[in-house]
């Protein structure tokens, strides 16, 4: 008797509108754009099938397992308001489909194969609900927000950073000099650019040594704890760990990784090393726009941010909001909360499709970086609050008097904004005036 072979409709097996989701399911919200003539139910079911147990036909080995236990299910579909032929398909995946503690495996399953699917014109993963049963299998950030503040002895204000420019071409000695000037001027951190690894003009070991010298000199002179994000990203995991080990031997507080170009496996390994050895971990999101910039295809950054919190990092770049559209402000603050808070309520206006309970996974500090300067300080302080890192590259090094005065300007502006806020002044309305007053100090 056997079974009926041949091509079959996915929706017969994988579209289950009556399904009640379980607390242990991983839930995904996909923005689906079906090809002309493909019904939305079939498109949603195809996504559920191809990202879980399905293939295009019935195979005899289906009889050797329980499909009901292991299959992904498309349990709800809704049209996207204001968009033609776009739908949000909600898919539930049983927990057994995923390896514990592996972001790599989670992404390989959920977004691995299905994005090239013929029945779909475009597909975007908008959000994931990670159940506590799964998030508990991850170490998460090496230290988290509170432990970082305790290590640095800095409370009640955002932290200040600066990316050293020009990002490529400086010798290690001159690079270290720029680091010293910025830290001496009042910044908490300086930063390797994401593409500073170990190039012919500046090998990593030389850079680490000169930056460590700059850190210790600035600490001795200011009495504050300082750091420089030493970029440990490398061509192999072994080389990356070797660089992190050297940073630890130098006694510096923080290293850095490009988590998308370096990959989740490397990132999780480095994160474990950092917790075991007391290093903070700064994460840069180089390559994110390749994945998240298209509105109807790819993966939204809020998913990449959640994945980073699971894989591990103490800081991550998350956009600046300033000067962008109001709607983007809400969306950005949505994933900033996903990085910092323990529990985030579902809120479609902010792009949050599911309530997310992180239980006790440490939080990540969002980093505002890119085209910002002192006149943005009131807005940044108001938008991001205390638990953030504000990073000014050109906004520090572009000061007409030099690097150290640029750093002083940023620190004075920040302290003025925090004081004004604590005194009850309205940063949004009086921001420029607060900065003008600070200039007279």
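The backbone N, Cα and C atoms fix where each Cβ goes, glycine too.
According to its DSSP assignment, residue 165 (active site, proton acceptor) is coil. Summarising the annotation, Swiss-Prot assigns active site, proton acceptor to 165 (among others).
Around residue 284 (active site, proton acceptor), the same-chain residues at least 6 positions away in sequence with a Cβ under 8 Å from its Cβ are 194, 231, 256, 257, 258, 259, 316, 317. Reduced to three states, the DSSP call for residue 284 (active site, proton acceptor) is strand. Summarising the annotation, Swiss-Prot assigns active site, proton acceptor to 284 (among others).
The substrate binding site annotation in Swiss-Prot covers 113, 163, 167, 285, 317, 369 and is backed by sequence analysis.
Reduced to three states, the DSSP call for residue 194 (Mg(2+) binding site) is coil. For 191, 193, 194, the entry in Swiss-Prot reads Mg(2+) binding site.
Marked as N6,N6,N6-trimethyllysine by Swiss-Prot on the basis of sequence analysis: 4. Applying an 8 A CB threshold to same-chain residues 6+ apart, the list for residue 4 (N6,N6,N6-trimethyllysine) reads 58.
In the structure as shown, the Cβ atom of residue 191 (Mg(2+) binding site) sits within 10 Å of 29 other Cβ atoms. For 191, the entry in Swiss-Prot reads N6-carboxylysine.
As annotated by Swiss-Prot, site 'Transition state stabilizer' applies to 324, with the evidence given as sequence analysis.
Comparing residue 193 (Mg(2+) binding site) with residue 369 (substrate binding site), their Cα atoms are 11 Å apart once rounded.
Take the Cα of residue 165 (active site, proton acceptor) and measure to each of the binding-site residues 113, 191, 369: the nearest one is 191. Taking each Cβ in turn and tallying the other Cβ atoms within 10 Å, the top scorer among the binding-site residues 193, 194 is 194.
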